[in-house]
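For reference, the structure discussed in these notes is given below.
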Amino acid sequence: MSDVQRAAAVDADPSARRKTISLLILCAAVFLDSLDNSVLGVSLPSIKHALSLSDGALQWLVSGYTVGYGGFLLLGGRAADLFGRKRTFIAATVVFIIASLLGGVFTDGSLLVGTRVLKGVAAGFTAPAAMSLITTTFKEGAERNRALGIFAMTGAGGYSFGLVLSGVLTEINWRLVFFVPALIAFGVLLASPMIIGDKSGGAARRRGSFDLGGAISATAGVMLLVYGLVQAPAWGWGSAAALGTLAGAVVLLVAFVLIEARHRAPLVPLSIFRSSTLSSANLVSVVWACSTIGWQFVASLYLQETLHYSALQTAFAFLPLGVVIVITAKFASGPLVSRFGVRTVATVGMLIQGLGVVLFLQIGHQADFATVLLPAILIHGIGNGLVYPTVNIAGVSGVADERQGVASGLITAAYQIGAGVGVAVLAAVLTATATTGSGAGVVNYRWAFLVAAVFSAAGVLIALFGIRPKAAASTPVAGALADEPATADTRTTTAG
């Protein structure tokens, strides 16, 4: 079916029109979540000067969002399944607006960090609710793949736009980086009644009691894990604080697994991990985020500290990355996945993404943007555009409607954990490889980029050997998902 024919079909079918409107609103939400991940970047020096913040407090303006986001994703996904995805989405959007407005008026650094944590918590509910609304609205196969591709494309665009918007708004007033997201969120809230609601109508809630123990142990465990990974470079990886925090996270997560194995209505049914495709998609998401977010963190430091780019110049240097991700994601989620399957696209994507990181090993005290940096950035972006939508597709394939919130929360949590691990590990590498003498700084950056490339290589192996290229259909496991559904590789036949 051509684009013109598809558009005509949408116009003729009221339900198709409603689906399109729902998708646009939900894409606006993920655009906002992604934008808020990056919009503070360029404004941080201005905020530091205006509020006399320490470097530690400044770091937590970024890390606080990640801790709240990553810590509450599993709870947010299950809450969407239990209490209604649309209801959860709307309530969390209201919290996001309030936190954004408070962030724009607070003058105390600690309170400002608190608003960032609260915004992360809100995003931890909106993201899985939005994604599960898409996966339950659009039929599994080509239709859902296209919708998830647009969703992923919009997220990538929001992140890139946030980098540039941050520079523009900071030139006017840094407080606008809090107020503008609030305005966008308010627009999403006004449009949210038009979203197609839950098909299940909260049926999951009626089937069993809420898993309070699982919710507490999972949320506390993931938050403690992300917190420990973020703080470990400052504390020292072998310090009592770092080891104690990470050990506490492990204890809580082990307790979570034990609780889930015994609860009649678990927060995360362990049977969901019987699918090697779903499990591998989550692992690929972790190492992919380790590589790309860690790489971007180190590359940003290199551009500003070694090449002496301004913050705004750095933002524009990364703009091509977002553009090429958006373009590539469109093809990855449609014709490429339909023809080659998730395993092939994800494997090739991780390989190309890693090649872009390896090309950064050419850097020196001087590096021409057009001939050295831009090709590496574009190649890395092509790989990201292939990986991002495919792991999202694989992460929810075969999952029953009443578990879509959990599956969406898992894949997004995997990304957030990977982002925290990647930044923490590469920051530690930069510090650990510090030496004296000429050229030492460049050597440090090369070691960090090499570690990022190792994460990419791990993703290649996981995708190649973990995601099944083809699987026979089977019945759902414990009402959660088919062990290995026929669509696990998500090869589909597009109309026309």
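Glycine is treated like the rest: Cβ placed from N, Cα and C.
Residues annotated as domain 'Major facilitator superfamily (MFS) profile' in TrEMBL: 22-471. According to TrEMBL, the transmembrane segment annotation covers 57-76, 88-106, 118-138, 150-170, 176-196, 208-230, 236-259, 280-303, 309-328, 340-363, 409-435, 447-467.
If you count C-beta pairs under 8 angstroms between the transmembrane segment (409-435) and each of 88-106, 118-138, 236-259, 340-363, the highest count goes to 118-138. The predicted model assigns the domain 'Major facilitator superfamily (MFS) profile' (22-471) a mean pLDDT of 84. Long-range contacts of the transmembrane segment (176-196) within its own chain (CB-CB distance under 8 A, at least 6 residues past either end) are made by residues 18-19, 21-22, 25-26, 28-29, 31-32, 35-36, 39-40, 43, 86, 89-90, 93-94, 96-97, 100-101, 103-104, 115, 133, 137, 165-166, 169-170. Here the transmembrane segment (236-259) sits against the transmembrane segment (208-230); at least 3 CB pairs are under 8 Å, leaving out pairs fewer than 6 apart in sequence.
Residues of the same chain lying 6 or more positions beyond the ends of the transmembrane segment (208-230) and with a Cβ under 8 Å from any Cβ of it are 59, 63, 66-68, 70-75, 78, 82, 242, 245-246, 248-253, 255-256, 259-260, 263-268, 413, 416-417, 420-421, 423-424. Outside the transmembrane segment (118-138) by six or more residues, the chain places 19, 22-23, 26, 29-30, 33, 36, 64-73, 75-77, 79-81, 85-86, 88-89, 91-93, 95-96, 98-100, 103, 144, 146-148, 151, 195-196, 198-200, 392, 396, 399, 401, 404-409, 411-412 with a CB less than 8 A from a CB of the stretch. Note on the transmembrane segment (309-328): residues 41-42, 45, 153, 156-157, 159-161, 163-164, 166-167, 170-171, 296, 299-300, 303, 369, 373-374, 377-378, 380-382, 384-386, 388 of its chain, located 6 or more positions outside it, place their CB under 8 angstroms from a CB of the stretch. Nonlocal intrachain contacts for the transmembrane segment (280-303), taken as residues 6+ away from its ends with a CB within less than 8 angstroms of a stretch CB, comprise 41, 309, 313-314, 317-318, 321, 342, 346, 350, 353-354, 357, 360, 363, 373, 380, 384, 387-388, 391, 394-395, 410-411, 414-419, 421-423, 425-427, 430, 445, 448-449, 451-453, 455-456, 458-459, 462-463, 466-467.
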